[in-house]
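First comes the structure, then the notes that go with it.
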Amino acid sequence: MTDTWLIVGLGNPGTEYSNNRHNVGQMVLDELARRVGGSFKVHKARAHVLEGRLGIGGPRVVLAKPMSYMNVSGGPVSALSKFYDIDPEHVVAVHDEIDIPFNTVKLKIGGGEGGHNGLRDISKALATKDYLRVRVGVGRPPGRMDTADFVLKDFATTEKKDLPFLLDDAADAVETVVREGLAAAQQKYHTAVQ
């Protein structure tokens, strides 16, 4: 297997979804693409892909935004991991997380999917839950609002001013985990004042 990392930003395709909370993973990938340099190209695995390094001499990464809907992300992720010969331990899924407050980033490996159908599909396709997750907090829906309706809406006006900072923090978390490991990233992002 290779030392390359597959970094996957989860979301839904199409401009009507591009600013939704559910697409925050793909927004983070756009920030990482800016850092890597270059532009995404269509890959036969049904994903937009950018290959490069995170910094000079940094780890080799494949940034990927599946062209499928969120809930069926597993096929493209599995196909890319096979194409690039990447073990699940080197797969990082960047996704929205309603159980974490907005403007917060958490990391973990394995465990449950917390009702996140995109993660569930990736776990099924990879035949393991043991891949890394960068969980980008979008908060819980207000009142009795349906969770699906909440994540399929754009960020609130009050959140939009802080969104660039959240995307930057999440991209930094991805860089930390691939450069220094999960423990270092968790120490930084689970104990830091956000």
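From the backbone N, Cα and C atoms, a Cβ is placed for every residue, glycine too.
Listed in sequence order, N20, H22, N23, Y69, M70 are the same-chain residues six or more apart from N12 (site 'Discriminates between blocked and unblocked aminoacyl-tRNA') with CB atoms under 8 A from its CB. Positions annotated as site 'Discriminates between blocked and unblocked aminoacyl-tRNA' by Swiss-Prot, on the basis of sequence analysis: N12.
In this structure, Y69 (tRNA binding site) belongs to neither helix nor strand by DSSP; it is coil. Positions annotated as tRNA binding site by Swiss-Prot: Y17, Y69, N71, N117.
Reduced to three states, the DSSP call for H22 (active site, proton acceptor) is helix. Annotated active site, proton acceptor per Swiss-Prot: H22, in sequence order, evidence recorded as sequence analysis.
Positions annotated as site 'Stabilizes the basic form of H active site to accept a proton' by Swiss-Prot, on the basis of sequence analysis: D96. Secondary structure at D96 (site 'Stabilizes the basic form of H active site to accept a proton'), as computed by DSSP, is strand. The Cβ of D96 (site 'Stabilizes the basic form of H active site to accept a proton') has 26 other Cβ atoms within 10 Å, all protein chains considered.
Listed in sequence order, the residues N12, H22, S68, M70, V72, S73, G118 complete the 8 Å Cβ shell around the tRNA site centroid, once Y17, Y69, N71, N117 themselves are left out. Counting only the Cα atoms, the space from N117 (tRNA binding site) to D96 (site 'Stabilizes the basic form of H active site to accept a proton') is about 11 angstrom.
Distance from the CA of D96 (site 'Stabilizes the basic form of H active site to accept a proton') to the CA of Y17 (tRNA binding site) is 13 Å.
Sequence-distant neighbours of N71 (tRNA binding site) (same chain, six or more apart, CB under 8 Å from its CB) are N117, G118, D121, listed in sequence order. Other Cβ atoms within 10 Å of the Cβ of N117 (tRNA binding site) number 15 in total over all chains.
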